[in-house]
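Just below is one structure, and these are the notes that go with it.
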Amino acid sequence: MEIALICRQRHKIFHVQFFAKYHILEDEEIHTYNISKSNGDARTERIKLHCDDTLEDDREIFLQNYIPVAGTGPNANYGLAQCYNDLSSQDCILCYAQIRTYLPRCYGGNGGWIYLDGCFARVQNYSFFEEYTSPNDATVCGNTTSKSILFQESTSRAVINVVSGALRNNDYFAREEMLVSGSNDSVYVLAECWKTLSPSSCSACLENASMSITKCLPWSEGRVLNTGCFMRYSDTNFLNLIPVTESSSNKARKIAIAVSVVSTVVVITVALMTVLYIRKRRYIEHRRKGSYDVDKLAKILNDSSLNFNYSTVEKATGHWNDSNKLGQGGFGTVYKGVLADGREIAVKRLFCNYKFKAADFFNELFRT
């Protein structure tokens, strides 16, 4: 007997094709449990195999329809296979290869399903893709070690976390490693729904699984094998490392956050620069207004002892005679002069009547 499983992709509905001749293992127990602890590998250990008791309607037609979603009525066939999300592509193939050694035992019935610790597969003569619960759901507890109250509490919290995480994840998958308080122990939890379920069906399946799996406490390990989901906890690390990859939604979210941050920084920077520019502008205008207020300077000059009328200054310098010229600066020519009372003065004669130069002239005068 041979069986070929041709998988389109991980986590997708698979193609099933049987060929050669088949026989039914009449004397084999088909409800099988096999509990073992795996430690970060392909997890090909068989947990449960279930074959439907109802025989196919027409064996010849049923055999011909062992091609995915083929046939009609009771002789149709539908298939689903899914690896858990922490398996690599290579480990997923190994897990599927193990499935092909077990699932043919269900031939003769109208369907069957198998749980391995790393993958799941089901074939049926009807479309079951939205089913998430059935009378065949099972809870499998490992009773090798009775754990402490703190371990039980940590397990309950980790189960709640993975249910919440799986429902937020587009892959319907989550896992958790939680350190048990006051000890060096940890609890490891994994949960995953089948990709064919709707979000509401996945939620219902995981909620049911979370209630069922805690019934395994205080034992060190437990599994829930529901029609639409799988859940496991253990005190042994069975989780595989997941390569750090980002989904397109996460990347888009990070890009949006980065753009928002950069935009905010740019806006704040521009606003600060604008405020500083305005304040500097006002400060310069205030200083300029104070420095170049000619009327103010003229009033100061008028109130000082240097207040002479033009004719007095002109006469004192000999009518701006070149012989009295002392020098020339940026604003005008400097002359010496003698007042009528004998006092000697120095007079700077401004080149032109320009407001700002006059103000600077006054400033220079008072500094002198």
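Each residue, glycine too, has its Cβ placed from N, Cα and C.
Feature annotations, reproduced from TrEMBL:
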BINDING   Lys348  ATP binding site
DOMAIN    26-128  domain 'Gnk2-homologous'
DOMAIN    133-238  domain 'Gnk2-homologous'
TRANSMEM  255-278  transmembrane segment
Inset, instruction - Please list, for the domain 'Gnk2-homologous' (133-238), how many residues fall into helix, strand and coil according to DSSP. - result: 38 helix, 37 strand, 31 coil
Inset, instruction - Average the pLDDT scores across the domain 'Gnk2-homologous' (133-238) and report the rounded value. - result: 94
